[in-house]
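For reference, TrEMBL has these:
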type    : residues             : note
DOMAIN  : 2-80                 : domain 'Manganese/iron superoxide dismutase N-terminal'
BINDING : H27, H72, D160, H164 : Mn(2+) binding site
DOMAIN  : 94-193               : domain 'Manganese/iron superoxide dismutase C-terminal'
Amino acid sequence: MSHTLPPLPYEYDALEPYISVEIMKLHHTKHHQTYVNSLNLAEAAYAKANTPKERIALQAALKFNGGGHINHSLFWQNMAASSEKGGIGGVLKDGPLKEAIIASFGSLDNLQKEFNTTTAGIQGSGWGWLGVNPSTKRLEIVTTANQDPLLTHAPVIGVDIWEHAFYLQYKNVKADYLNAIWHVINFEEAQKRFVEATTGSKL
């Protein structure tokens with residue numbers, strides 16, 4: 001079954017001024033579309049492969065493009081128009097996610113500072129994650145390299161730290177991008193993921 005580019009749950013300009021319309025169009029229609037196309041090609045080649053050597057040779061392409069598709073599909077859902085524009089982005093309401101953030105980090109402000117410091121420290125390209133540790137059910141900050149999907153934790157919030165996610169607007173200043181993105185984080189979506197990861201039930 002072929003993979004397809006998922007539509008954004010908002011308009012391309014919805015995340016302005018924190019993420020520009022130019023970045024969103026390029027990121028979604030070019031970068032994510034390329035991961036989808038390349039994943040379909042890799043899976044088709046894998047289905048035709050006759051030997052273990054041929055299948056092994058395709059593993060890197062499957063991991064990179066499959067991860068790119070998985071991560072970006074989550075990323076788009078992870079954001080929403082900011083509260084300044086009448087949206088829900090950046091608003092953490094009382095509930096199980098807020099309680100878990102306070103339990104693990106003391107406050108949302110502390111989480112943001114620790115997350116930004118850890119994620120800004122990624123060498124090269126990768127992703128910053130707030131995820132649920134499956135053993136402890138507690139929130140932890142994790143990073144993955146390149147387009148590797150998060151497999152050790154259940155993802156709650158994921159932030160793309162590849163240059164294509166911010167360079168047109170923030171140049172090489174990752175810290176400004178990371179500070180800005182919290183204004184458009186969809187905490188309602190994050191809470192749904194958190195509840196599902198910790199209780200096995202959907203909100």
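Note that Cβ sites are derived from N, Cα and C of the backbone, with glycine treated the same way.
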Residue with minimal Cβ packing [other Cβ atoms within 10 Å] among the binding-site residues H72, H164: H164
Segment-level pLDDT (mean, integer) for the domain 'Manganese/iron superoxide dismutase N-terminal' (2-80): 97
Additional residues surrounding Mn(2+), by Cβ distance to the H27, H72, D160, H164 centre under 8 Å: H28, H31, H32, F75, W162, A165
Set of same-chain residues at least 6 away whose C-beta sits under 8 angstroms from H27 (Mn(2+) binding site): H72, D160, H164, A165
Other CB atoms within 10 A, centred on D160 (Mn(2+) binding site): 24
